[in-house]
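What TrEMBL says about this one:
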| type | residues | note |
| --- | --- | --- |
| TRANSMEM | 6-26 | transmembrane segment |
| TRANSMEM | 107-131 | transmembrane segment |
| TRANSMEM | 176-196 | transmembrane segment |
| TRANSMEM | 202-219 | transmembrane segment |
| TRANSMEM | 231-252 | transmembrane segment |
| TRANSMEM | 264-283 | transmembrane segment |
């Protein structure tokens, strides 16, 4: 049965790749302007120039037409060259501008680390279920992994929807919110390490997923509020890239045993540490903000 899942995954990835190839092309790009449109615009400018010059004599028209056409050709070449060589500088400028906000950097830090941990938990929770059954030597227990996964997704969606309706000043209370949420996530993951009752582990996993989805919703919305609209894909994609890098490092160093060799329960202890680090970071940030605000009040 497990081999069938592999084949299904390969088929799904292949099908989506082929499907993507046949999707219609993008008509507009923020960083890669359409060269054809540039040429059409330049030609339109040349027509206007010639039309305006009809008021002059024929001899003047023939003299003025040549410099204008030469100017258009140069502007076309400059536009094409600029469009080719300014992409990287434009990306860097948007990247630097987006991450110049300390509030955005702080939330993106949580986003990347928390997502890296979530990818690990999501991938290896089923291995933990099997490990617990083997530890208990229980061969009669009926697994409800699919039901737990469904409830994880459902409760996460409901909690994310509910938190979006809360009208709080997240800039003021966000640090405490992420600190408390991260410590709750760390506690339930720690319970997964030492608990040997599969029903409880199902519950802990559902709580973890609910907390993660809730905090991720706030992190994404708060980051989006402070970004230029054209930077959404750049920053969201970069945060996801860092999360995948963290996930890859853990796989290489821990799962494959290049750094340390541990069992699946101890792996979840590492995931716990990730969220403890996040909780401490945001607790510290909230304390610093509190002292800073008090200093401003006393100064005034």
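A Cβ is built for glycine as well, from the same backbone N, Cα and C atoms used for every other residue.
Any TrEMBL annotation is an automated prediction that lacks curation.
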Close approaches to the transmembrane segment (6-26) from elsewhere in its chain (Cβ under 8 angstroms; 6 or more beyond its ends): none
Same-chain residue ranges lying at least 6 outside the transmembrane segment (176-196) that approach it to Cβ under 8 Å: 110, 114, 121, 128, 132, 135-136, 170, 204-205, 207-208, 211-212, 214-215, 218-219, 265-266, 268-269, 271-273, 275-276, 278-280, 282-283, 285-286
Beyond the flanks of the transmembrane segment (202-219) by at least 6 residues, Cβ under 8 Å: 107-108, 110-111, 114-115, 118, 121, 125, 144, 147-148, 151-153, 155-157, 159-160, 163-164, 170, 174, 177-178, 181-182, 184-185, 188-189, 191-192, 195
